[in-house]
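Asks: The annotation active site, proton acceptor is assigned in TrEMBL to A:His16. Feature annotation from TrEMBL assigns substrate binding site to A:Arg12, A:Asp13, A:Ser167, A:His194. According to TrEMBL, the feature Mn(2+) binding site maps to A:Asp13, A:His194, A:His196. According to TrEMBL, the feature domain 'Pyruvate carboxyltransferase' maps to A:4-255. What TrEMBL records for A:Arg12 is site 'Transition state stabilizer'.
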Number of protein chains: 2
Amino acid sequence: MAQILISDPTLRDGNHAVQHRLNEEQIRRYAAAANAARVAIVEVGHGNGLGASSLQVGEALLSDADMLRIAREELSDVKLGAFGIPGFATMRRDLDVAIDAGADVFRVGAHCTEADLTERHITYLREQEREVYGVLMMCHMATPDRLVEEARKMESYGAQGVIVMDSAGAFLTHDLQDRIARLVEGTQIAIGFHGHNNLCLAVANSVAAVNAGATILDGTARGFGAGAGNTELEVLVAVLAELGHDTGIDLYKVLDAADLAEEELVKQLPHTDSVGIVSGLAGVFSGYSKPVRRIARDFGVDPRDVFFALGRREVIAGQEDVILEVAMALRDAVEDQRIEQQDDEIREAEEARS
Amino acid sequence: MAQILISDPTLRDGNHAVQHRLNEEQIRRYAAAANAARVAIVEVGHGNGLGASSLQVGEALLSDADMLRIAREELSDVKLGAFGIPGFATMRRDLDVAIDAGADVFRVGAHCTEADLTERHITYLREQEREVYGVLMMCHMATPDRLVEEARKMESYGAQGVIVMDSAGAFLTHDLQDRIARLVEGTQIAIGFHGHNNLCLAVANSVAAVNAGATILDGTARGFGAGAGNTELEVLVAVLAELGHDTGIDLYKVLDAADLAEEELVKQLPHTDSVGIVSGLAGVFSGYSKPVRRIARDFGVDPRDVFFALGRREVIAGQEDVILEVAMALRDAVEDQRIEQQDDEIREAEEARS
């Protein structure tokens, strides 16, 4: 049975669910609880990572430095993790802030076909003797071959592992398992999985990833995180233990941490709603939910049709302007259909008269 | 790819989550929505089935006859199902009530090692030319051989299928898949699966059941049901469609039904809390949650320890008096340990003095 490294981004991905407003007390108390449970890594920060706090994607209540420093004070036995997406995170300013605040472990993320963008950050962080993992986001959008190619790039930059992020919660289990197996075979470094629950498969997919050779899994307390929520950390720990895998985590204490998160961090427990299911099926990042709902309403079209159309266009975060285009096209199609139907009715009426 | 029969017990298992207080309007509106979605079977009634309404297990707001009749009026294209556990349900009184109210499909349930108890009900219902399935409850508590033996009994009574009920949400996926495969091999009738989410595996287990040859699956809108909730119907339909299986259900309309359930039926969305996880791990029916919490508090012991102790004793529904016994034993053990520790301290102190 395998040794599984559990990384807990409750205080980072969970920030998405509260508009990045986690406060000092919340960070302190949850970090202390995760420390007591001996979770391997606690990742802390703005939902979109270092340097991302802004009017456009949401202003965090606390600075990156403050969030990391507060957590650091509580993590006596557990590593402190930071996440950064080059573009949001700038190399010196944001990475140095996190290093100075005491981050031990860094995740450097990029869209699944754009590992090149992580080179400078990974190289720099390795020079600073940090533990560094590459993160490939929206992994359902790349072929298995392409994923291996991108992971190898990260490996060549010095990443000590690559994390497959199912940002849209779109993976069916067999599909994920195949890709993880390919990555394990095609690289020399650790492979990890970060799941979301749009299809209620995050725990099952995590187990499948381990069966395929993954040795790193992410989970958050009660699934606290973006959209339909993440893999439930405490369930993951319980199920892995049942399967005989070793996470080094105390079951009762991680249950306590989840109870604390439910009481003190979570405004509304994450759940898989209809829009979440459709965005998962369509393979569209859940961050699209709010604008899709709003624009669909404005144009009188079904938001589910909008999601599927966005999925066919393979949109990624940052392309929200496409929603308008898609909604207009759908409205026009509906309108065309209506006119055609009217024409048919007129023709039939005329034929009936003649 | 397989043709999968979907049975929807939202209006029966969901009644557990609202103390059996579903009202006429709720039954009517959800049944109409499920009818529009073309769910194959809509099961309606008290959470514990026909004849179960009582002070002890909870009084339903409406009589069995009324619940079935209201749903019947809305189900023009979908079969009406009733569930009965012999003991709660008496043969003539309750079964005839359901037949008269227009139930097409019956599920006759028993603990997984007690199929014998279903013989008279199954035989009678088949004589009345109803569609009849046997249900084996708490299936994690029987060996695969025993399950096959019990299912064969139901087959010999005339059941047209046997449903494996994971009442405690205790099944790990590989374990369930093995048992389903054994049942498919060992019987000539349809095999089904009814899952719960204590380990967040209900959808994955349902897919695994299909992979092993099951052709009937249960799911409820948003997982509305006992304890940590059921397999999410609308997610199940979406995932089965993605996998190429045919359920005959309209995706958008089943999403609409789930949205309606969330708005109009569900008081609090089901979720997997710490007690749910532990009861799943321990293999104890979630109905134990409330008394366990209360008694654990009274005796100053950890409710999780109580659950695991109950699991070791293999309790089933109706044995709630064991909780008290277990809690007392745990308290005594804690007390003994405390006294032993005091003795040790006294001895050490005396040795230090001498």
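Positions of Cβ are set from backbone N, Cα and C atoms, glycine also.
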Asks: Three-state secondary structure of A:Asp13 (substrate binding site) from DSSP?
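Replies: In three-state terms, A:Asp13 (substrate binding site) counts as helix.
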Asks: Average the per-residue pLDDT over the domain 'Pyruvate carboxyltransferase' (A:4-255) and send me the rounded value.
Replies: 97
Asks: Determine, for the Mn(2+) site, the additional residues of the same chain whose CB lies within 8 Å of the mean position of the CB atoms of A:Asp13, A:His194, A:His196; present them in sequence order.
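Replies: Neighbours within 8 Å of the Cβ centroid, excluding A:Asp13, A:His194, A:His196: A:Pro9, A:Met165, A:Asp166, A:Ser167, A:Gly195, A:Ala202, A:Asp218, A:Thr220, A:Gly225, A:Ala226, A:Asn230, A:Thr231.
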Asks: Could you tell me the maximum Cα-Cα distance in Å between the residues recorded as binding substrate, namely A:Arg12, A:Asp13, A:Ser167, A:His194, rounded to a whole number?
Replies: 14
Asks: Taking only C-alpha atoms and a 10 A limit, tell me which of A:Arg12, A:His16, A:Ser167 are near A:His196 (Mn(2+) binding site). These are the recorded positions.
Replies: A:Ser167
Asks: Could you list the residues of the same chain, at least six apart in sequence, whose Cβ is under 8 A from the Cβ of the residue listed as 'active site, proton acceptor'?
Replies: A:Gly47, A:Asn48, A:Gly225, A:Ala226, A:Gly227, A:Gly287
Asks: In sequence order, what residues of the same chain, 6+ apart, have a Cβ less than 8 Å from the Cβ of A:Ser167 (substrate binding site)?
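Replies: When sequence neighbours closer than 6 are ignored, A:Ser167 (substrate binding site) has A:Met137, A:Met138, A:Cys139, A:His196, A:Ala226, A:Phe285 within Cβ distance under 8 Å.
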Asks: I want to check the contact list for A:Arg12 (substrate binding site): same chain, sequence separation of six or more, C-beta distance under 8 angstroms. What comes out?
Replies: A:Glu43, A:Val44, A:Gly45, A:His46, A:Gly47, A:Gly49, A:Gly81, A:Phe83
Asks: Determine, for the substrate site, the additional residues of the same chain whose CB lies within 8 Å of the mean position of the CB atoms of A:Arg12, A:Asp13, A:Ser167, A:His194; present them in sequence order.
Replies: A:Pro9, A:His16, A:Gly47, A:Phe83, A:Met165, A:His196, A:Asp218, A:Thr220, A:Gly225, A:Ala226, A:Asn230
Asks: Do any residues at least six apart in sequence from A:His194 (substrate binding site), in the same chain, have a Cβ closer than 8 Å to its Cβ, and if so which, in order?
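Replies: Long-range Cβ contacts: A:Pro9, A:Val135, A:Ile163, A:Val164, A:Met165, A:Asp166, A:Leu217, A:Asp218, A:Asn230, A:Thr231.
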Asks: Taking the Cβ of each of the binding-site residues and counting other Cβ atoms inside 10 Å, which one has the highest number: A:Asp13, A:His196?
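Replies: Going through A:Asp13, A:His196 one by one, the largest Cβ count within 10 Å is at A:His196.
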